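Feature annotations, courtesy of Swiss-Prot:
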ACT_SITE  His182  active site, proton donor/acceptor
ACT_SITE  Ser312  active site
BINDING   98-100, 123-126, 133-135, Thr181, Ser313, 318-320  substrate binding site
SITE      Glu325  site 'Important for catalytic activity'
Amino acid sequence: MTDTRIERDSMGELAVPATALYGAQTQRAVNNFPVSGQRMPQAFVRALLLAKAAAARANVSLQQLDAPMGEAIADTCLQLLQEDFMQHFPVDVFQTGSGTSSNMNANEVVATLASRRLGGKVNPNDHVNCGQSSNDIIPSTIHISAALEISERLLPALRHLEQTIQSKAGEVHAYVKTGRTHLMDAMPVRMSQVLGGWAQQVRQAGVHIESVLPALQQLAQGGTAVGTGINAHPRFAERFSQELNDLTGLAFRPGDDFFALIGSQDTAVAASGQLKTLAVTLMKLANDLRWMNSGPLAGLGEIELEALQPGSSIMPGKVNPVIPEATAMVAAQVIGNDAAIAVAGQSGNFELNVMLPLVADNLLHSIQLLANVSRLLADKAIASFKVNQGKLSEALARNPILVTALNPIIGYQKAAEIAKQAYREGRPIIDVALENTDLDRARLEVLLDPEKLTAGGL
C-alpha cells in the first residue's frame, strides 16, 4: 500500500497522504507554507465548520442544494465538531492573506466525508462552498469565532474574577493599609477599597468587551468575492444568519455593508483594543499583588500569596508570585497581539484585507489567554492570599502623611513641618503633632485615626 494518493485541482495533479481527508488545494498550502508549524486556532476551525453547516442548510432552504446533499454536508460538519477535527486542518497560520487555504481545507475535508455519508460525489467548490467565497466566509468566521469565544469563555471568566475580588473585599474589609502614590507613602485606605477598585476595573473592561459583540455579530456572509454578492442567492445572507443562530444561540445578522466588512477588519481591531484594555487592567492587578506580597522581610510584606511551587533552583525556601507573573506576561502578549492586529487592519487594499489569518490567530489567542489567566488569577492568587496585619499596623503607625488630616486645622505649612520632623526623627506622627500644636492627645487620636481617615471628608 502506497503512502500517497493522487488528487487533482485546477492546477493539475498532486500527491496527497493516502489517509488524509483533504485534497490537492490543502496539500499545496501545506507545501507552500512551512512557516511556523502553527495551525489556525481550534476556535476558528470550529466556527468555520459551523458556518459551513449553516451555509448548507441555507442553500437547501433556498433550493440551491438538494436536501440529501445539503443535509450530508451539514451533518458532516456537526459530526466533525464532536471528534478530534484539528488533525484534518494542517494549514499554517502564515498562508495566503485571504485565508483561502483554510477555506479550501474545510471544503475538501467536508466534501470527502459528506461523499461517504451521501454515497455520491460532493464537490468542495460547487457544493460545500456553494454561495460563498473565501473573501466573505473567512471574515465572517473571524467574527463568529471571536463572538463565540467572548460569550462562552471570556465574559464568564471575567464575571468569576470580579465576583472573587468582591468576595475577598468583604473578607478583608477590616484591614487598613498605607495607601501609596508614586510608590510613596500616602493616606490610608481599606483593603476592601483597594479590591473594590480592582473589581470595578474588571467589570468595566467586561462591559467594554461586551459592547463589541453587536458589531462582531454583523457578518460579511453573502457579499462573496468583493461585496456585490455575485453567485449567492439574494436571500442567502439572511438565511445563513438564521441557520447560524439556531446552531450557536447568538444573534448574528447580515452586515450593514458587505464592502466594509470584506475590505476592512475594523471590528476586529476595535475588539482587540478592548482586549488590550483588559490586559492593562490585569497588569495593574498583577503588579499591585506583587508589590504587596514583596519580601517577606525586606519588602512590603502586606499580604502573603499562596505558595504554589519552589521559586528558585539555588535559593532554598524561596517562593515567588508566579500567578501574578504569568498574568503580567499574558498582558504583555495581548498588547503585542493588538499591535499585530492593528498593522494587519491597515492591510486592506481596495476590496479585501489580506492579513485575515493573522487577525484571526492573534484575536483568538488574546481571548484565550485572557479567559484562562483571569480564572487563574481569581482562584490561585486573589481568593487565597492572606493579610499580614502586623505589617499593616506597623507601617500605619509610622506614616507621617497622616498629618494631612490636620491641614484644615493647622494649615499645610505647619503640617509639612510636622511630617518632616517625624520622618527625620523616626517618631510617630501623633507624638510630634502633640509637641507642635495646641491639640491634645485625645483630639489627635480622633483626627489621626487611620480607619476614620479611609472614609474621607473633613
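Each Cβ is built from the backbone N, Cα and C atoms, and glycine gets one as well.
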#### Entry: Thr181 (substrate binding site): tally of other CB atoms within 10 A of its CB
9
### Message
Distance check, please: Cα of Asn320 (substrate binding site) against Cα of Ser312 (active site), rounded to an integer number of angstrom.
### Response
8
### Task
Would you mind reading off the Cα separation of Glu325 (site 'Important for catalytic activity') from Ser312 (active site), to the nearest angstrom?
15
### Query
How big is the Cα-to-Cα gap, in Å, between Ser134 (substrate binding site) and His182 (active site, proton donor/acceptor)?
52
### Query
If one measures from the C-alpha of Pro124 (substrate binding site) to the C-alpha of the residue listed as 'active site', what distance in angstrom results, rounded to a whole number?
55
## Note on the structure
For Ser98 (substrate binding site), the nonlocal same-chain Cβ neighbours (under 8 Å, six or more residues apart) come out as Ser134, Asn135, Ile138, Leu352, Val354, Leu356
#### Entry: Cβ-based isolation winner (fewest other Cβ atoms within 10 Å) among the recorded positions His182, Lys318
His182
### Message
I'd like to know which of the recorded positions Thr100, Asp126, Thr181, His182, Lys318 sit within 10 A of the residue listed as 'active site' at the Cα level.
### Response
Lys318
### Summary
Counting across all protein chains, other CB atoms within 10 angstroms of the CB of Pro124 (substrate binding site) number 25
### Message
Under DSSP, is Thr100 (substrate binding site) part of a helix or a strand, or is it coil?
### Response
helix
